[in-house]
Amino acid sequence: MGNAAAAKKGSEQESVKEFLAKAKEDFLKKWENPAQNTAHLDQFERIKTLGTGSFGRVMLVKHTETGNHYAMKILDKQKVVKLKQIEHTLNEKRILQAVNFPFLVKLEFSFKDNSNLYMVMEYVPGGEMFSHLRRIGRFSEPHARFYAAQIVLTFEYLHSLDLIYRDLKPENLLIDQQGYIQVTDFGFAKRVKGRTWTLCGTPEYLAPEIILSKGYNKAVDWWALGVLIYEMAAGYPPFFADQPIQIYEKIVSGKVRFPSHFSSDLKDLLRNLLQVDLTKRFGNLKNGVNDIKNHKWFATTDWIAIYQRKVEAPFIPKFKGPGDTSNFDDYEEEEIRVSINEKCGKEFSEF
């Protein structure tokens with residue numbers, strides 16, 4: 001690198017430091033003093049279910065006053081308690097109301113009633129990366145790199161706030177109208193200084209240290225980034241099998257095979273992300289995220305332009321206007337039932 005290029009790199013890294021310091025101030029204000037009860041169920045018209053999960057559903061809703069569409073996550077308090085997800089759910093809301101980044105879905109309102117918790121988020125009409133990836137088969141390397149760059153910046157932001165995301169997968173990445181990513185589902189996100197021990201995540205994306213019940217840190221997110229980049233560029237994940245236990249055996253073995261069409265730069269980056277040895281895994285070394293940002297596979301990436309959303313997206317989802325749900329699957333609709341008695345008031349008092 002010439003002197004001029006090195007100086008430019010240096011000043012960019014300095015301004016990132018300043019940006020993150022300011023971002024942390026903003027985050028901590030909201031983290032220490034979370035917004036509560038900022039809307040009510042009656043203010044929304046429920047339109048259609050966009051997705052379902054073990055303790056709730058996400059629905060497209062329309063804010064009757066403004067006419068704006070949102071995605072409303074509805075969680076059944078009793079089911080959350082039964083599935084021992086109280087802490088995760090409180091984390092999710094507390095984190096979402098405090099973060100602010102171009103590639104994180106925005107929490108617009110949150111509230112609760114006798115039966116449910118509600119998180120009302122920006123509606124991202126392009127649907128999940130998962131469905132586009134399955135339809136197209138695999139993404140070209142430039143296409144995969146465009147998305148990967150956004151995740152790198154997002155993790156750099158989250159990790160600077162001591163947040164681990166822990167649930168990276170194509171199902172949790174929505175594509176917005178400009179073709180950029182919105183990361184959704186902070187159900188497993190956690191504020192951690194040092195290490196944590198919870199077993200959570202999706203089998204194919206789990207880092208070896210989680211499987212081996214070791215204490216782990218934010219390096220698990222960089223491992224998951226390796227899995228995601230591989231899956232985007234190959235069309236299938238690096239470790240897969242019929243049973244989770246077989247997947248886990250492959251993950252901890254430290255062996256990965258690459259499709260012949262992968263470029264040598266891509267293979268090199270993935271070997272450094274899918275690195276079982278934590279002392280060698282990119283993102284976890286003394287240069288932190290810069291080992292990834294300065295890697296040859298990202299040589300053409302203009303990180304600032306990505307952050308400013310100035311780079312032309314490789315793919316814009318088809319979109320027929322506000323409230324269009326054609327990029328989401330259909331689900332059976334169900335009434336939202338609200339009890340006349342309060343359920344689990346104590347457990348969710350801080351929500």
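Heads up, the Cβ atoms here are built off N, Cα and C, so glycines get one too.
The ATP binding site annotation in Swiss-Prot covers 50-58, Lys73, 122-128, 169-172. Per Swiss-Prot, the feature domain 'Protein kinase' maps to 44-298; the stated evidence is sequence analysis. Per Swiss-Prot, domain 'AGC-kinase C-terminal' is recorded for 299-351, and the stated evidence type is sequence analysis. The feature N-myristoyl glycine is assigned by Swiss-Prot to Gly2. Look at Swiss-Prot and you will find Ser11, Ser140, Ser339 tagged as phosphoserine. What Swiss-Prot records for Thr49, Thr196, Thr198 is phosphothreonine. Residues or ranges marked as phosphotyrosine in Swiss-Prot: Tyr331.
If you draw a 10 Å sphere around the CB of Leu50 (ATP binding site), it holds 25 other CB atoms from the protein chains shown. Distance between Cα atoms for Ser11 (phosphoserine) and Pro170 (ATP binding site): 33 Å, as a whole number. Across the range of the domain 'AGC-kinase C-terminal' (299-351), the DSSP-based residue counts are 5 helix, 0 strand, 48 coil. In this structure, Gly53 is the one among the binding-site residues Gly53, Gly56, Gly127, Pro170 with the smallest number of other Cβ atoms inside 10 Å of its Cβ. Taking every protein chain shown into account, Ser11, Thr196, Thr198 are the modified residues, and of these the Cβ with the most other Cβ atoms within 10 Å belongs to Thr196. Just so you know, the Cβ of Ser140 (phosphoserine) picks up 13 other Cβ atoms within 10 Å once every protein chain is counted. The average per-residue pLDDT of the prediction over the domain 'Protein kinase' (44-298) is 98, rounded to a whole number. When the alpha carbons of Gly127 (ATP binding site) and Ser140 (phosphoserine) are compared, the span between them is 20 angstrom. When the modified residues Ser140, Thr196, Thr198, Tyr331, Ser339 are ranked by how far their Cα is from the Cα of Gly53 (ATP binding site), Tyr331 comes first. Counting neighbouring Cβ atoms within 10 Å of each of the modified residues (Thr49, Ser339), the lowest count belongs to Ser339. The secondary structure of Pro170 (ATP binding site), as reduced to three states from DSSP, is helical.
A simple way to gauge crowding: the CB of the residue listed as 'phosphotyrosine' has 14 other CB atoms within 10 angstroms, across all the protein chains here. Around the Cβ of Val124 (ATP binding site), a 10 Å sphere holds 23 further Cβ atoms from the protein chains shown.
Taking only the Cα positions, the spacing between Thr49 (phosphothreonine) and Val124 (ATP binding site) is 14 angstrom.
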